[in-house]
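**Q** My questions will all concern the structure given below.
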Ligand SMILES: Nc1nc2c(ncn2[C@@H]2O[C@H](COP(=O)(O)OP(=O)(O)OP(=O)(O)O)[C@@H](O)[C@H]2O)c(=O)[nH]1
């Protein structure tokens, strides 16, 4: 409430008025009593009251008039109207003059001293002085004239008449002269005050209304004056600024700089303008353009300084931004072009000139169309400008033309600059010459997709084309053929004529192949001497075969390698889509597989891939995988079928027979899975496992007092494998308590004769270890007697098929008899398998075969059941007594 000058003024005025009023009430009657008696006092009270009202009304008028306006803006706004109002109400001073003169006259008339001799005219100086002070010259003179006139009229004799005493006349003239003097002085004073007030108000308007900080500091740097703008910048009210110096308003460094500058200005005594940089208490950095100058006291000594500061922070930032933009514009490696809304170039940078070849003066004022390469159609430009106008932006690759006429690709960004009202001011194009990048990309593309030697598509590009061909084939319903082509005997040419000659041959073959291909077909080189021809829209295998013949013929053409001419052939594997309905990679792999078949079939030919054969091969691979897993998982197990001597009834051994505990199908007999192993590496592993397991079993039986010969079946593959003998030796060593002679290896007769020479070597080496051999299934093969003589086997095993049927089939009986006699002649033992009945046993015994095995004696037994069987085994006497006709 008391903060503003206005409020303080109102408060002081009210208090002053209350004190004056109270003094008047308390003292006025006492003053009157000095001049009159108590009776007259009652009458005088009325005049006193009138006088008080008039006087206080005058005082109120003056005070209200002097109330400071509510705000600086209001003060500024009321500057002129205030003066006008005063002028308009000036007549009130004349009314006041009449009233107060009348009141003083009445007062004087009540005073009992004679008016003509003792007029006490000094009383009339009160209205004159009041009117002159309040109203200035006019009201003062008016009050003087009025006072002179009314006192002269009331006096008897009149003052101006000769009858009046000189003493009184002198009083009257002095009243008039004093009145005139006071009025003149007051008039001058009024004029001077009005001028000062006017100046002050004008100054006030400027200081308070300006957005510049205006301030005055004393010699110690304390603020004597600070306007609202100063307060706004400092962020404190004016009263918190006044009396304080810069150290209390700004950060230490800024304050120090400011005060040093102030001291310089006061020392120099001249007005200076310059930039000042401040950090405000809230940390904000600001820049000001400041004019400061010295302030002098009445003696002409410098007693402080004034300052006017303009905030130029924004301007500085803009200038900085402009400078930065200029640096970017001039220094940019990318070309920049500025176009006005009329489509004319207004500015270009140095990079523009470097890229396009046009100097700035050659480009400015012209249309950017001067750069057009003519490589894009109108639709391209329309789409570009649609984007620019709708989204204020476009970015893309465009071909332009240099001044030299060369076309080059550039990556161009067009942006639109609009003013506050949204109108387009400029289009700015920023572009980079990407011709090198494009060339580099093309080179990379070439390296990535083409074979450097022949220039043909490589595997990667072929893969793309193959994908396209498959999709095309699916749409068109026509086939596509992948022909995998490998030169025959290329290595020899390389070795004989050198690598460079080999390269020339590859290039020559490429040329030859190209001559027989259609434009839509693809010839690719995968590497080495491998090529692929991709034929599209193949009507059928017949058409394909024709092309393949042409390809084979083209390759066979003579190629000159310097002085010599060479001929090569090729083997081609072909896969056809959609007959072979697989993906691109598999199609290529199938063609590769077929190519190997062509090679194996004698080269210089083609082989078309058969999906059915492949499906079977895959199924076989899957089954082998299961078997591999079964071996690793311990799913194989050995059963043992006893072999007995018909003559003595002794158990002389057991044949280990493999079974597979299939997790889903139960116990499988060897016939159900061993054929799958045939020829595979897994077959060797399984055989090795069988030998080891059988030996381990024999060892375990040996430990419980059951000394038993065991025989195991060995496949031809494993027998002839280079590691066989070493594996066997290791196995025997591992189970040292089993005499090697207790191990018999049964070898298929057919296996032994497959590579007789090698078989003989292996058998002989193994026999040196002490193991025995039996020729299994004897009689089913076609071994000559020479072979039989050569093979170092101990036993011949008559195949069960002959034994089983010998009772009914004379041929089989003949074979059985023959084998037994052969064994006798060659000094070999003989064993018959497939003994199912007593008759079988009786007959074999009679024919001279003592050792047998078969269901008639025992089925194959689990290892743990075998010892028990041995204990309860009893030879059948019928073998000796039963008479069987042969
Ligand atoms: N000159 C030349 N030889 C290469 C290049 N790349 C691989 N080779 C050789 O090409 C030969 C290709 O070998 P094969 O295809 O296995 O040999 P081949 O004599 O054709 O045998 P078959 O295909 O069974 O008839 C190898 O000797 C590689 O060293 C090459 O870019 N230039």
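Glycine too: its Cβ is placed from the backbone N, Cα and C atoms.
Predicted automatically and left uncurated, TrEMBL annotations should be read as such.
Fair warning: this is a prediction, and the values are worked out from it, not measured in the lab.
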**Q** Between 6-28, 213-235, I'd like to know which one TrEMBL lists as transmembrane segment.
**A** 6-28
**Q** Using a Cβ cut-off under 8 Å, which residues of the same chain at least 6 positions beyond either end of the transmembrane segment (170-190) come close to it?
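**A** Residues packing against the transmembrane segment (170-190) from afar: 119, 121-122, 124-125, 128-129, 132-133, 136-141, 143-145, 147-148, 151-152, 155, 159-160, 164.
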**Q** When the pLDDT values for the domain 'PAS' (321-367) are averaged, what is the result?
**A** 94
**Q** Please list, for the domain 'PAS' (199-269), how many residues fall into helix, strand and coil according to DSSP.
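**A** Reading the DSSP string over the domain 'PAS' (199-269) gives 42 helix, 11 strand, 18 coil.
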